[in-house]
Amino acid sequence: MKFKAIVADIDGTITCEKRELHLGAMKKIRSLKIPVVLATGNTLCYARTASRLIGLEGAVIAENGGAVTVRFDLQGTFEESLEECEKAYSFLSEYFKLTKLDPLYRKTEIALRRDFDLEKARALLKTQSLDIEMVDTKYAIHLKSTKINKGVGLQKLAGMMGLEAEDFVAIGDSENDVEMFEASGFGIAVANGDEKIKEAANYVTDASFGDGTVEAIEFLESNGWI
Ligand SMILES: O=C(O)COP(=O)(O)O
Ligand SMILES: [Mg+2]
């Protein structure tokens, strides 16, 4: 096996427990000769800033696949409008007090503070004929189109880079990374990952958070896979 690029989730994967960037993971990522793409549920500007500050090329998947850019000098492309998400938000707001996160910067999905009963909200949402689902990243709950996810984003970005999604190794920590693992050639979950991502993974690290990402990259290097 030989892979041509890595796609790494941000929160919980290249960070420490309190969400600060993990310096060991930064150093390891910077030492690589292959492209590293960041994929996050967070906003496009957050992802681009992280890419810039880590020393990468600006290839990012943001808003769980809803927004993608391949370089800093190119604008992002956006897959979906917020219309259906807003309908779901209005509906759920009748039952819960919801707080939107960074609404000014989100163009394709709505992120919510994790302070309401997700399972109850999921059950309620099912009664509506909306193509909207809820994913929990452990940092936010995202109301998003069922048509977009990080896997769809990876297919799109890989094409823009002249690669296939299978050329990528994906590293992640939660359920919003599952489709990205499925689309990629090999998925590695860090030890702090949730049950869903560990189940979807080809390999689970012993170490957590950024230490897990360092371990993942060393594992790939020691096998000669990157
Ligand atoms: O913004 C969030 O919910 C966290 O996003 P990430 O773990 O996909 O980076
Ligand atoms: Mg994450």
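Heads up, the Cβ atoms here are built off N, Cα and C, so glycines get one too.
The number of other Cβ atoms within 10 Å of the Cβ belonging to ASP173 (Mg(2+) binding site), over all protein chains shown, comes to 28. According to TrEMBL, the Mg(2+) binding site annotation covers ASP9, ASP11, ASP173, ASP177.
Sequence-distant contacts (6 or more apart, same chain, Cβ under 8 Å) of ASP9 (Mg(2+) binding site) comprise LEU38, ALA39, THR40, LYS150, ALA170, ILE171, GLY172, ASP173, SER174, ASN176, ASP177, MET180. TrEMBL lists ASP9 with the feature active site, nucleophile.
Annotated substrate binding site per TrEMBL: LYS150, in sequence order. In the three-state DSSP scheme, LYS150 (substrate binding site) is classed as helix.
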Original post:
What is the one among the binding-site residues ASP11, ASP177 whose Cβ has the most other Cβ atoms less than or equal to 10 Å away?
Top reply: ASP177
Subject >> Extra residues within 8 Å (Cβ to Cβ centroid of ASP9, ASP11, ASP173, ASP177), Mg(2+) >> reply: ILE10, GLY12, THR13, ALA39, THR40, THR137, ILE171, GLY172, SER174, ASN176, VAL190, GLY193, ILE197
Original post:
ligand 2: which of the binding-site residues ASP9, ASP11, LYS150, ASP173 have a Cβ closer than 6 angstroms to it?
Top reply: ASP9, ASP11, ASP173
